[in-house]
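Annotated features, as they stand in TrEMBL:
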- ARG41: L-glutamate binding site (BINDING)
- ALA76, SER77, TRP100, THR148, ASP167, GLN190, ASN232, THR233: pyridoxal 5'-phosphate binding site (BINDING)
- 5-344: domain 'Aminotransferase class V' (DOMAIN)
- LYS191: N6-(pyridoxal phosphate)lysine (MOD_RES)
Amino acid sequence: MKKHNFSAGPGILPREVIEQASVAVQNYNNTGLSILEISHRSKEFVAVMEQARQLALELTGLEGKGYRALFMHGGASLQFVMVAQNLLERKAAYINTGTWASKAIQEARFFGEVLEVASSKDQDFTYIPKEFEIPTGISYLHCTSNNTIYGTQFKKFPESSAPLVCDMSSDIFSRDIDYSQFDLIYAGAQKNMGPAGTTLVLVKESVLGKVSRAIPNYMNYRQHIEKESMFNTPSVFAVYCSMLTLEWIKARGGVSEIEKENSKKASLLYKAIDSNNLFVSNITNIEDRSMMNVTFRLQDDSHKEMFEKLVAQAGINGLNGHRSVGGYRASIYNALPFESVQLLVDTMQQLKNKV
Ligand code: PMP
């Protein structure tokens, strides 16, 4: 039986993508070869890479606006380093909204002065800071659009005259925002785009080439742009699956349609949490709640065993909160069907009926 997958990442992929990918593992496009054994320089794979890069720009509305799409290795974690190495001249500003933002800050410190201009650490990262000053003389301002661990999400981004950089690992392609407000966006594939093993970077070319340090080739965005995202052997299968997911998003009407579905799923779940007195949301500021990672806990831990038994019986997977937070986290990414959220809500109600 296929489980209802609420895992935070690697997370659920569309069923159609998994079916297409499994056919391609046997025989890719009737080439008589598996996608796992074709050359990354073959015309078949070059076409996949081009289609994936093109769709990433098209779905974010960045086509023709001076941006390049790259599929890279090393996860979002390598981007914590590359962003600073390629863009930070003297100082940069960071908004600290959680563990991932803190890690980005740590890496950036290797390259210059890092100003933590706002932080929600004082309240265990349960809100999005809003009132803060953005200093002048910075190379860029960095934010994390969705905080996967805590369940908070920026709904409106800071207005900055400096370039804006965003870690969008857990909510890229989930909502119709103005992606062109960012000069560089990065996102690990394994939440809303594909399997683990590739990372998307959308970079405005005009933001590059402004630092005085020498950058090793592999770490240099310019090199990856020139080599059309084939500086070295890319993660062929992960890029292929990402392409399939991007095609799936497009076929559903693009990110604006996906956003409508995501919003229905999130409202259903938050309503269920707020109206069931056995549960409490981790995020009390309603406007800061994530549409992707819904974090909540039981009011009374004595119900834990019974709830978790019901969850397991329902075939629900991946509901545990991050080990640093505890409680529960329902990751309701693009590919998670509405019916799975309904099932979780029904399971919460079942608990209420029992106690
Ligand atoms: N940023 C965010 C917002 C994340 O959720 C994650 C992964 N959970 C990361 C960065 C780190 O990603 P990776 O494992 O791809 O380096």
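Glycine residues also receive a Cβ, built from the backbone N, Cα and C atoms like all the rest.
Residues ALA76, TRP100, ASP167, taken from the binding-site residues ARG41, ALA76, TRP100, ASP167, ASN232, THR233, are distinguished by a CB atom under 6 angstroms from ligand 1.
Contacts of GLN190 (pyridoxal 5'-phosphate binding site) defined by a Cβ separation under 8 A and a same-chain sequence distance of 6+ are given as GLY9, PRO10, GLY11, ALA196, GLY197, in order along the sequence. Minimal Cβ crowding within 10 Å, among the binding-site residues SER77, THR148, ASN232, is found at ASN232. Applying an 8 A CB threshold to same-chain residues 6+ apart, the list for LYS191 (N6-(pyridoxal phosphate)lysine) reads ALA8, GLY9, PRO10, GLY11, THR148, SER169, SER170, ASP171, MET292, SER331, TYR333. In the three-state DSSP scheme, ASN232 (pyridoxal 5'-phosphate binding site) is classed as coil. Residue density at ALA76 (pyridoxal 5'-phosphate binding site): 24 other Cβ atoms are found within 10 A of its Cβ, drawing on all protein chains shown.
Largest Cα-Cα distance over the residues recorded as binding pyridoxal 5'-phosphate, namely ALA76, SER77, TRP100, THR148, ASP167, GLN190, ASN232, THR233, equals 30 Å.
Rounded to a whole value, the Cα-Cα separation of ASP167 (pyridoxal 5'-phosphate binding site) and the residue listed as 'L-glutamate binding site' is 30 Å. Proximity to the residue listed as 'L-glutamate binding site', defined by a C-alpha to C-alpha distance within 10 angstroms, is shown by the following binding-site residues from ALA76, SER77, TRP100, THR233: THR233.
Listed binding-site residues: ARG41, TRP100, ASP167, THR233; maximum Cβ neighbour count within 10 Å falls on ASP167. DSSP assigns LYS191 (N6-(pyridoxal phosphate)lysine) to coil, not to a helix or a strand. Per-residue confidence over the domain 'Aminotransferase class V' (5-344) averages 98 (mean pLDDT, predicted model).
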